[in-house]
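Here the structure is laid out as structure tokens; the discussion comes afterwards.
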Amino acid sequence: MINIRFPDGSIREFEAGVNSLDVAKSISPSLAKATMAAYIDDQLKDAKDAINSNCELRLITVKDPEGLEILRHSCAHLLAHAVKELYPNTEVTIGPVVDNGFYYDFSFKESIGEADLPTIEKKMKELAKKSAPISYRVVPKAEAIEFFKAQGENYKVEIIDSIADEQMKIYTQDNFSDLCRGPHIPNTSVLKAFKLTKLAGAYWRGNSDNEMLTRIYGTCWATKEDLEQYLNMLEEAEKRDHRKIGKVLDLFHFQEDSPGIAFWHDNGVRIWRQVEDYMRASNNKYGCSEIRTPLIADFSLWQKSGHASKYAENMFATKSENRDFAIRPMNCPTCVQVYNTKLHSYRDLPIRMAEFGIVHRNEPSGSLHGLLRVRSFTQDDGHIFCTPEQVEEEVILMVQQCFEVYKDFGFNDFAVKIALRPENRIGDDETWDKSEQMLKNALDANNVSYELLPGEGAFYGPKIEFHLKDAIGRSWQCGTIQLDFSMPQRLGATYIDKNGEKQVPVMLHRAIVGSLERFIGMLIEHYAGNLPLWLAPVQVAVMGISNNQDDYCKEVFIMLEKNGIRAKLDLRNEKIGFKIREHTLLRVPYLVILGKNEQEQKIITIRKHSGEDLGQMSVDDFCAFLDKQIQAKE
């Protein structure tokens with residue numbers, strides 16, 4: 001007999017060889033039905049793995065994040081199973097879990113398109129209903145190679161060759177087998193709420209020299225209700241797509257002459273200026289001086305900073321006068337050069353610098369996505385040089401600034417996470433202990449709850465991440481606060497301490513909105529293009545019922561502009577209904593409509609974008625009304 005301890009501290013006795021599914025059944029049939037896998041002494045295992053000794057057991061159900069991930073991973077296998085049934089000559093490659101779903105890459109021998117997805121999905125449902133048990137066997141590497149080679153799965157053979165382990169896991173359901181670390185669900189009947197969503201191309205191992213594979217994306221959920229809710233969200237997201245809205249509102253465009261780099265139009269630049277000016281004022285409030293540094297630097301600087309070894313493939317390089325240069329992928333090294341121009345005392349610290357720095361990264365063309373994934377973007381970078389004793393206080397201020405910014409832009413629901421030390425890192429454990437505790441203390445001081453992400457920090461320091469939730473429930477990673485013990489030392493940054501000796505400052509990297517391009521894309525989708533008044537590219541459209549009001553329209557327009565209102569004058573010889581409809585589609589917050597009565601009484605009639613009639617008032621009163629709304633960031 002063995003003793004199994006449960007999360008509530010209770011201990012129960014079972015026969016040796018029992019599995020987690022049996023344990024779940026002994027508690028309740030419903031729990032057994034919901035069990036996906038289990039943690040046995042902190043190791044994630046299949047639900048049917050035998051337990052032969054005393055242990056601590058935590059059952060994983062579909063309600064747990066790990067359970068949902070396992071469900072989705074098993075659904076990826078179901079997709080591969082269905083594809084092999086329908087297209088037997090297809091080679092399977094990899095099928096990982098991604099946010100809200102999964103994908104699987106295939107090498108098809110025949111042409112396949114979006115129209116084929118319903119057929120594949122139908123086959124998946126047929127296979128799931130078979131309730132085929134899912135099991136695995138562990139075999140020597142050579143045997144696994146022979147197994148997949150015999151099936152003509154050359155990609156699987158290549159994957160196995162690249163793995164150092166001498167033992168391989170092969171999972172089987174019905175007549176389909178796949179290489180996988182697992183764990184997986186007990187049987188296919190659990191898979192009831194899934195949907196194939198799209199098809200795309202993807203190079204094998206992300207290398208454009210390799211074969212272009214077909215990537216099929218899908219989503220999978222614990223219940224059909226959850227699936228329906230997610231699909232509704234996708235439908236709403238499609239309506240909010242910033243690329244479509246950007247075209248309608250004449251904000252920006254992309255073209256093949258400059259892939260991944262936006263062409264900003266007047267309306268888009270107006271939004272950009274509001275975001276940048278707001279951030280500049282926020283930085284001034286928090287004591288940041290503003291700098292501007294070169295986009296191009298000698299390649300030796302990137303070698304010193306470490307970017308050459310880690311980012312070389314993503315950097316744009318050029319030559320001039322027999323020298324190698326690179327366009328910067330990050331702003332940090334050039335910021336350090338500004339710091340290094342002076343001798344600093346500990347009394348000078350902290351030194352806070354901010355920069356709206358343009359960076360370029362050679363992202364794969366297949367990953368580019370409107371403003372959300374580009375090759376050139378402007379980062380609202382901040383870099384703080386301080387003593388170790390000042391770190392906590394500086395982080396407290398940065399957290400406060402982040403919260404203020406997000407709330408002013410209309411993001412009131414966000415999650416905060418701390419990425420902790422990775423396995424490969426610089427610095428001793430004592431330094432990491434102190435650093436991680438400083439970040440925790442800073443969040444505690446702001447009464448912020450947070451999630452810990454073990455192993456996800458950078459090799460040079462832990463970081464705080466801010467994840468914003470938008471109007472339709474999507475989460476966007478936005479700001480970061482990063483401790484850095486490496487770059488100041490690599491680039492020779494120093495200060496003189498109170499004993500007259502040189503010390504290396506701690507460098508804090510902070511980005512609040514991050515990429516301005518991406519943040520504006522987020523704002524467009526969050527508000528579905530109906531930006532709040534203070535951000536709207538055109539705040540008021542002025543129009544007359546007939547051309548008899550043209551002079552008065554011009555007069556009102558000039559008064560609005562003198563009061564700092566971004567107004568548009570529409571004197572076209574069109575019916576008033578047409579003008580109202582057009583400016584409503586353009587998401588202009590307020591429409592000023594002028595007729596004979598308004599002209600004679602020197603008043604204006606105001607209509608909101610929503611269609612609400614605000615009645616009549618003087619231009620001065622309207623300007624005061626708008627100013628109050630703008631100042632309140634409404």
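Cβ coordinates are placed from backbone N, Cα and C, and glycine is handled just like the others.
Lifted from Swiss-Prot, the feature list:
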type	residues	note
BINDING	Cys332, His383, His509	Zn(2+) binding site
DOMAIN	1-61	domain 'TGS'
REGION	241-532	region 'Catalytic'
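With the fewest other C-beta atoms within 10 Å around its C-beta, His509 stands out among the binding-site residues His383, His509. Following the DSSP three-state reduction, the secondary structure of Cys332 (Zn(2+) binding site) is helix. Summarised as a single figure, the pLDDT of the domain 'TGS' (1-61) averages 93. Using the Cβ center of Cys332, His383, His509 for Zn(2+), the list of other same-chain residues with Cβ within 8 Å runs, in sequence order, Met330, Asn331, Cys335, Val336, Asp381, Gly382, Gln482, Asp484, Met487, Met507, Leu508, Arg510. Sequence-distant contacts of Cys332 (Zn(2+) binding site), defined by Cβ-Cβ distance under 8 angstroms and a gap of at least six in the same chain, are Ser305, Asp381, His383, Asp484, Met487, Met507, His509.
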